[in-house]
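Note sheet for the following structure.
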């Protein structure tokens, strides 16, 4: 069976896992010779079979094959094989298929493969036990990275930091380790020390190394800023790096992600679109882009994005969340189903928890939303998880918990206008707290004059206290500097409430000129037109066309998951033709 085993190794190396695992069934079922060579061939066949099954994503079967290989290996006399141990390669197999004398099993490599299987099955405790059985001096770069992830999942950050630091000592460009260490609080100076300990690969000239260290240090500084919630500092550094590396898709996406977190939605959309122009097949953070398009009610672009993502990779969590954003307008429960699917694909996808929490709030389940936002915070706390928690606690009438969470956000994100507004939002709930709310909103505006969210909240506060004129003056002052549809809508609402209907009409129309897709402006204008005709806008009316309009929106899950999407001409809804895709 020597020739068959050599062929199987070639099939595995070529990525032809289906053929390899079929051949493996013959090899592992053959009776091994009682000799040492025969047992070694059996061990290697089992490892090869495990590799083929792992490539086919049959992780439970691969796990069984690797464990059998380890068990057979224990029965091979150690003394007889010690002379060949130095020839073992990192694959766990003999260095050459044509070699007549088989090298012994690389147990550390097989333990790593077992850990990979456990991790794929989300049995992280068992994976960690396997990885801890590999001596620290024998761990390769990929082993240290894997162990760092597992320690972090088990919330052993100290041990995780040791592994990630070792990764950077071996290679300073392990960006996953940089991000993780920044989130665990490692300073820029500590990063620089690690960089100085990294080997100078390829005998590069000192000038090359210095140039690499300069931009690497700047990237690390940006990661440290963002991890400590200094979003402005991180953005400034990223923009500086864009001068050095124009059209860098990774930096563009990082900039857009941060802009989305802090509410600079227009800038974030622009940068996501730039990234897609450079690389139309990019999937990273495209769920964030989808959520922004949904917030702008730009369903034409959202439909196109979902169509593209389904073609690129329908199984990614980002695709599921883009579908959730698309369905939210028509069917919030179906949208929730897609958010839950994204977390089944990747239970550490933070945006999935944020989306799921917001959908639970829309479905009037704030108790479940608290769990979702807490799940996001356990992975990495950011402004959106704090905002979601505050909204959920307020919906549950847990004002103390909401205030505690908002204050925690303010402590964590010091000098953040958004955090100040969050505290103001909690105080604004009660009439006795409105004066405190006003002070927090005004402090947020002083800290960040362009923060429209604080201006809109302060305008609401003026209206609640009967100071409509103050609200109008504030909003008009902002409109002189920022032509934003949300400002026009708020002004229209204030004018409509004071029966200044023509002024309200003008501002709704201005909002729609800025953003023709704005649903709030459309609904407000429709309501206003009824008022101007003397019709009660709250009176119920039958809309015979609703049922027909919603036919496309209420299709079965099977159709949506397996449909070929195209954009219609009327309202940007997706129609379905050939069955082809799944999430």
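Using the three backbone atoms N, Cα and C, a Cβ is placed for every residue, glycine included.
Remember, predicted model here, so these are calculated numbers, not experimental data.
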76-104, 105-133, 134-162 - the range that TrEMBL marks as region 'Disordered': 76-104
Residue numbers, six or more beyond the limits of the repeat 'TPR' (485-518), whose CB comes under 8 Å of its CB atoms: 296-300, 452, 455-456, 459-460, 463, 468, 471-472, 475-476, 478-479, 524-525, 527-529, 531-532, 572
PLDDT averaged over every residue in the repeat 'TPR' (485-518): 90
